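Asker: Below are the features I grabbed from Swiss-Prot:
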type	residues	note
REGION	1-183	region 'Large ATPase domain (RuvB-L)'
BINDING	L22, R23, G64, K67, T68, T69, E130, D131, Y132, R173, Y183, R220	ATP binding site
BINDING	T68	Mg(2+) binding site
REGION	184-254	region 'Small ATPAse domain (RuvB-S)'
REGION	257-335	region 'Head domain (RuvB-H)'
BINDING	R293, R312, R317	DNA binding site
Amino acid sequence: MDERIISSETVDAEEVSFETSLRPQNLSQYIGQDKVKNNLTVFIEAATLRNEALDHVLLYGPPGLGKTTLAMVIASEMGSQIKTTSGPAIERPGDLATILTSLEPGDVLFIDEIHRLSRAIEEILYPAMEDYCLDIVIGTGPTARSVRLDLPPFTLIGATTRAGLLSAPLRDRFGVIDHLEFYTEEQLTEIVLRTSNILDTKIDDLGAREIARRSRGTPRIANRLLKRVRDFAQVRGNGTVTEKLAKEALTLLQVDPRGLDTIDQKLLHTIIQSFRGGPVGLDTIAASIGEERETIEDMQEPYLLQIGFLQRTPRGRIVTETAYNHLGISYEKEV
């Protein structure tokens with residue numbers, strides 16, 4: 001499958017480096033997620049006043065909304081070092097033990113995709129999170145013995161796109177659980193303007209708003225679209241991103257005014273044309289459009305549900321009248 005310009009996942013190492021260069025250093029520079037920021041400000045200040053490690057934090061929500069960035073900002077606000085890893089990277093208990101024993105007092109351990117930790121790894125985390133200790137088994141067979149090692153106070157920040165896959169015992173050990181929401185058009189416009197300033201790209205307010213409007217409520221997509229529109233401005237314009245140029249560029253990139261691309265439209269058209277608008281099961285949809293179920297659940301559904309183009313029911317997915325109107329298809333409600 002071709003790379004999607006509106007994918008909310010990072011696509012390569014270059015984009016990871018690009019995102020790193022744009023990251024804010026503190027909560028005051030972090031745009032959006034105001035409720036989360038306000039609460040974290042209080043929790044961080046309280047922990048600092050008590051000279052304690054911040055409670056463990058779980059951040060969940062669709063990809064591209066700034067979970068990793070927020071983890072970095074939390075560490076910066078705490079004046080702490082941060083060590084980063086991911087669920088798939090921790091394959092054996094020894095991998096986690098090595099990371100935990102390398103922590104210094106007050107450090108932040110960030111685990112992305114924490115829902116992908118195995119149960120064996122989770123069980124090692126329980127005492128580490130609750131009591132700052134690590135139980136390890138030395139030897140094998142009848143001579144094996146358990147040794148408890150003390151760990152320094154630390155903060156675990158877990159990030160996940162699928163909080164429902166976390167086991168209850170692990171989820172319950174997080175003192176702070178925050179859901180990151182899609183961004184508003186105004187917030188994304190502010191992000192586009194900030195990024196354009198960092199990139200030394202000329203852009204007017206209407207140009208920034210046009211990019212924001214098509215960014216699916218996701219900063220990562222907004223920044224990626226800005227980079228591509230900037231190319232059009234330099235090659236086919238005078239170097240300035242205007243509303244007119246942004247519209248032309250994004251149309252050529254096949255991103256419509258609501259942020260849908262050809263894959264989104266294919267999904268909606270398939271449900272409408274092949275299944276009379278639904279309800280239809282997700283596995284059937286996936287087979288019909290040649291996508292994996294998990295890809296649809298993580299990458300397409302959240303935004304289509306958010307803007308009211310899709311409904312999730314016990315019987316399956318249904319395309320809404322709003323989506324019909326957007327696609328220019330006559331909507332006939334079944335009696």
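One is the number of the first residue shown, and numbering goes on along the chain from there.
Each Cβ is built from the backbone N, Cα and C atoms, and glycine gets one as well.
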Asker: What three-state secondary structure does DSSP assign to R312 (DNA binding site)?
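Answerer: Assignment for R312 (DNA binding site) reads strand.
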Asker: Between any two of R293, R312, R317, the residues recorded as binding DNA, what is the biggest Cα to Cα distance in Å?
Answerer: 14
Asker: Within the region 'Large ATPase domain (RuvB-L)' (1-183) only, compute the mean pLDDT.
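Answerer: Averaged over the region 'Large ATPase domain (RuvB-L)' (1-183), per-residue pLDDT gives 91.
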Asker: Counting across all protein chains shown, how many other Cβ atoms sit within 10 Å of the Cβ of Y183 (ATP binding site)?
Answerer: 25
Asker: Distance between L22 (ATP binding site) and R312 (DNA binding site) at the Cα atoms, whole Å?
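Answerer: Approximately 35 Å lies between the Cα of L22 (ATP binding site) and that of R312 (DNA binding site).
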Asker: Measuring Cα to Cα, tell me the gap between Y132 (ATP binding site) and R317 (DNA binding site) in whole angstrom.
Answerer: 45
Asker: Provide, as an integer number of angstrom, the distance between the C-alpha atoms of R293 (DNA binding site) and G64 (ATP binding site).
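Answerer: So the alpha carbons of R293 (DNA binding site) and G64 (ATP binding site) sit roughly 19 Å from each other.
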Asker: Other residues near the DNA site, CB within 8 A of the CB centroid of R293, R312, R317?
Answerer: G281, L282, I285, I296, E297, E301, L310, G316
Asker: Per DSSP, what is the residue count of the region 'Small ATPAse domain (RuvB-S)' (184-254) in each of helix, strand and coil?
Answerer: 51 helix, 4 strand, 16 coil
Asker: Distance between R317 (DNA binding site) and E130 (ATP binding site) at the Cα atoms, whole Å?
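Answerer: With the alpha carbons as reference points, the distance is 41 Å.
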